[in-house]
Amino acid sequence: MSSEEGKLFVGGLNFNTDEQALEDHFSSFGPISEVVVVKDRETQRSRGFGFITFTNPEHASVAMRAMNGESLDGRQIRVDHAGKSARGTRGGGFGAHGRGRSYSRGGGDQGYGSGRYYDSRPGGYGYGYGRSRDYNGRNQGGYDRYSGGNYRDNYDN
């Protein structure tokens, strides 16, 4: 039995919730071997999610069912098995629609436990918030804005 089986993803954390507070709220469900609150690499500020690993996977399942949707430090938290992907369990990610980012970045097959906890881009906040441009300076959106804004094809005329 691997430690991944007893590993839970905890999302929606208050930015002030630390490892000790997280452990305090989950320790009543059984022995915990590891608690991690994921932090931004540059600012060391919490990214609002973390992981808890129980020594017994059954304890993790009980904790997940009991704590999912509960309030922790004034925020409603989401608890799920760390190995599951966001797409497979929530139909597309946890509220990431329209912002260009989800917890399981890089595709639907990579779960929360994939090891991609940090945003490696400078600043860490620019991902997905603007239109990307190609090397000619044109938008990669649905139409070329320099063509007069006509985004309809010839079949619509």
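Numbers here mean position along the shown chain, with the first residue as 1.
Using N, Cα and C of the backbone, Cβ positions are placed for all residues, glycine too.
The dimethylated arginine entry in Swiss-Prot, when matched to the candidates ARG87, ARG105, corresponds to ARG105.
Looking at ARG41, ARG47, Swiss-Prot tags one of them with omega-N-methylarginine, and that residue is ARG47. What Swiss-Prot records as omega-N-methylarginine, among ARG75, ARG131, is residue ARG131.
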